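Over in TrEMBL, the protein carries these features:
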- 21-38: transmembrane segment (TRANSMEM)
- 50-81: transmembrane segment (TRANSMEM)
- 88-110: transmembrane segment (TRANSMEM)
- 135-161: transmembrane segment (TRANSMEM)
- 182-205: transmembrane segment (TRANSMEM)
- 225-245: transmembrane segment (TRANSMEM)
- 304-323: transmembrane segment (TRANSMEM)
- 330-348: transmembrane segment (TRANSMEM)
- 368-386: transmembrane segment (TRANSMEM)
- 393-411: transmembrane segment (TRANSMEM)
- 417-441: transmembrane segment (TRANSMEM)
- 453-476: transmembrane segment (TRANSMEM)
Amino acid sequence: MTQSTEAAHNGNSGQLGWKQLASIIAAIIVFISLYFGLPEDFTYAPRVMTALVCFAIVLWAFEPIPLGATGLIVLVLMLVFRVADTSVTLSGFASPAIFLIIGGTMIVIATNETPLIRRMTYNMLAKFGSTSKGLVWSLLIILQIQAIFIPAVAVRTTLMIPITSMIAKTVGARPGSNLQRILFLTLAFGGTVSGVAIMTAAVSNVLTVEILNRYANINVTYFEWFLYTFPIWFLMIPTVGFLLLKMYPVPTGQQHHPKIKQEMKQKIEELGPITNAEKRASFILLLTVGLWLTEPLHGMHPSISALIGAALMALPVIGCGTWKKMVQMNYDTILLLSVTLSVGYVFVDSGATDLISNYVSTEGFLKLLQHPVLGLFIIIFLTQIFHKMISNVSTAVITLLPIVLSIATVANFDPLFISMVVGVTCLFGFILAVESMPNLLIHSTGAVTQKDFILPGFYLTIISSVITVIIALTWWQWVGLY
């Protein structure tokens, strides 16, 4: 991590390095420059919000202070500048998306009080992890299975880091070796890909659905999201595996690891037989996923299903979690997401997105977008550049998607089609360590360097873009997305 990132994550406000100070000064300069430099047709509310959003983007990109603290500052400034009614400014905190994250996080915490996830992981590795290829595919599949039940990619990655470190130690993967690189890059890229097809598996998916529902009056269910994105997910999983195995060949003498099978069997024996708590957790997890999948039948928002699952997990006899532990979640994340939604809502309601889209929607640009293949690649390219500039996926979605929806209105594009392209593309952060939470967490272990991400990340970015274009122009039309 960078110095500013470390300070932000540690929440150390007592020290302020020159890089952090420079970032804060840069954010203030950006705000002042935009506030006084925007054209006259930007009236008070859109002028302030455009300047404030760019101010926030600088702080979120460089993290001179914790992300949640930046969110709180932005929230206070929106209230002080009175760019919208208080009810609108605070509406992000009442969003169903926030309660979906809260409910899902509580379910994860309760499940982790049992050895269920570890048992599943150990069994998979014991069966298929005796070779280097088997280890790569096992890690990839484990991450995808976890995505069905564990909504936060940061949690999934954090759960797997100690297990992957144990594997690296058991097989004798030396620092800087191809074997170590391939194990940890599999965890980083596999974690990113795991968020594609399951709506609840990535916060950006939830935000995309929320914005579509609020501003385009389009409701995308859990099953519909899966239906639209499953082919991209299905193709990206083997792409990650084959690419890493090709780019980082493991010497013949390091391809077989009988110790892994022995180690995993020993771990399984230490866990003992399946407990009643694990059985109850499994039932509640399956029930919750079942409710998500059957949303078109019962009409309950996924947040309601998540809260039902959380409530069942907390009940004596029925559940497997203790209430005190279940409420010990990362409220920094909850605050950040709530503020991010509020920023997006006020950004749109102020009229800023319409004004920006009018300036962007030049005749030449709209003509380029009319070409199906070229237009899609342009949208994907611009989304990738924007994502890399600000790093934070949620911020990228909440600021870019409203503008894209406004452009879609001007260009007479299908809002669902273009929003799905942007939402999925924002997930694919492979090149930079700060581009996604899995990358950041893996990089912070010291097992891989930023240099290790660049080449495979570049290839995966190109391949994911091509896959997205192909699926968007074929599969999405076949299943009736547009």
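Even glycines carry a Cβ here, placed using N, Cα and C.
Curation does not apply to TrEMBL; its annotations are automatic.
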Stretch contact, the transmembrane segment (393-411) with the transmembrane segment (330-348), Cβ-Cβ under 8 Å, 3+ pairs: yes
Tertiary contacts of the transmembrane segment (135-161), as residues 6+ beyond its ends and Cβ separation under 8 Å: 100-101, 104-105, 107-108, 111-112, 117, 120-121, 124-125, 127-129, 167, 171, 182-183, 186-188, 190-195, 198, 200-203, 233, 237, 240-241, 244-245, 257, 260, 285, 288-289, 306, 333, 436-438, 441-442, 445
Stretch in 225-245, 304-323, 417-441 most in contact with the transmembrane segment (88-110), if contact is a CB pair under 8 A: 304-323
